[in-house]
Amino acid sequence: MRDDQIFNLIEKEKLREREHIELIASENFTSLEIRQAVGSILTNKYAEGYPLNRYYGGCSFIDEIETLAISRAKELFGAKYANVQPHSGSQANMAAIMALISPGDRILGMQLSHGGHLTHGSRVNFSGIFFNTYFYGVSRDSELIDYDEVLKIAKDCRPNLIIAGASSYSREIDFKKFREIADDVSAYLLCDIAHIAGLIVAGFHNSSIDVAHLTTSTTHKTLRGPRGGIILSGKDFDKLVNFNGKEKPLFNAVNSTVFPGTQGGPLVHVIAGKAIAFKEALQESFKEYIANVIKNTKVMAEYFKSEGFRIVSGGTDNHLFLVDLSSSDLTGADAEKLLESVNITLNKNAIPFDKKSPSLASGIRIGGAAITSRGLNESDSLNVAKFIVRALKAKSDIELKQIKKEVVRFIRDFDMP
């Protein structure tokens, strides 16, 4: 690379990733093969449109790549329809929402502070700006989704669309119950499985594909692919929907809202990376990987509990959990900064019914996907949890410096993918 400034910054980031314990639940490490595809000459090609229907010439091989990605996605998820063009999960959600409802319609989504996502109706996001939004949350007592309460809220607000899915909910989501609620109030159901896609395809979480009208996901996180989005559908893929005043099959509406509705040319180099990720996730080794992610995450959560920390909802069924720090002197922001000083990376996170602002937060979110990709097992994950607890309870900078040395020495033994 001739650009020394960028090269040196990339090298610094490479060293940071190697010498830090990565616990951000939305992050993971891709394979070298995926990185090679994303960094390939495919970035040169413009390919507006879809296979065999492009607005540019020279797309014959691009058509083959996208068709292969679609085929693998459908096989992996058991879907009848897949659009692999969304640049991100947020853009996948935007296109999916626009295919199902119109501006001014009503959306019922999960409260952001209870584990939802910005694109599920937040007032600062397109979903809350162009649509009328209502929210459900978790029970104050159990910190679990109360489906009876969701039904009650749905009957009160009569949404056109219900969004199921979360960014910081550590328990299994019952998508069938959400579909029953949606049918009860004549609403569409969109399931956002960005965080749990890997668990679903590996068989460790119930699938939304034949339950929801549309399912969206990112292709990174637990799926371990390149950064990007995807839209899927099962048995409802050809259901007729009212789109711009005309009846259209759902898949046609989605294709239109992705391109030209929300995007121009697809990122072909990323689509190639997605295709590789889907192939990797179809292997038996991926099921073993996800099983280990869940084991590692549970081990860490249980250790925190044994050390007197409260875990939101009491535990985890997936790849993440929230630690409640409200009884300590630390905010989530304090803990995030402190832990980064000892080479442990995670994020501050609001907890249900949080009294602190999101910029401070009362909790931290911990995920096990990335460390598992580096080969950490349950014993190693227990050591990670011990590092965190020691750092949170440290009384001096000398202690923190010692912990950092131990963290670096520990994590260097695990290769990057």
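Note: Cβ is positioned from N, Cα and C throughout, glycine not excepted.
Marked as (6S)-5,6,7,8-tetrahydrofolate binding site by Swiss-Prot on the basis of sequence analysis: Leu112, Gly116, His117, Leu118, Glu247. According to Swiss-Prot, the site 'Plays an important role in substrate specificity' annotation covers His220. Summarising the annotation, Swiss-Prot assigns N6-(pyridoxal phosphate)lysine to Lys221 and lists sequence analysis as the type of evidence.
Feature map: annotations from Swiss-Prot on the structure.
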residue	record	CB count, 10 Å
Leu112	(6S)-5,6,7,8-tetrahydrofolate binding site	24
Gly116	(6S)-5,6,7,8-tetrahydrofolate binding site	24
His117	(6S)-5,6,7,8-tetrahydrofolate binding site	23
Leu118	(6S)-5,6,7,8-tetrahydrofolate binding site	17
His220	site 'Plays an important role in substrate specificity'	27
Lys221	N6-(pyridoxal phosphate)lysine	27
Glu247	(6S)-5,6,7,8-tetrahydrofolate binding site	9
Greatest inter-residue Cα distance in Å for the (6S)-5,6,7,8-tetrahydrofolate-binding set Leu112, Gly116, His117, Leu118, Glu247: 33
Residue among binding-site residues Leu112, Gly116, Glu247 with Cα closest to the Cα of Lys221 (N6-(pyridoxal phosphate)lysine): Gly116
His220 (site 'Plays an important role in substrate specificity') and His117 ((6S)-5,6,7,8-tetrahydrofolate binding site), Cα-Cα, nearest whole angstrom: 16
Assigned conformation of Leu118 ((6S)-5,6,7,8-tetrahydrofolate binding site) - DSSP reduced to three states: helix
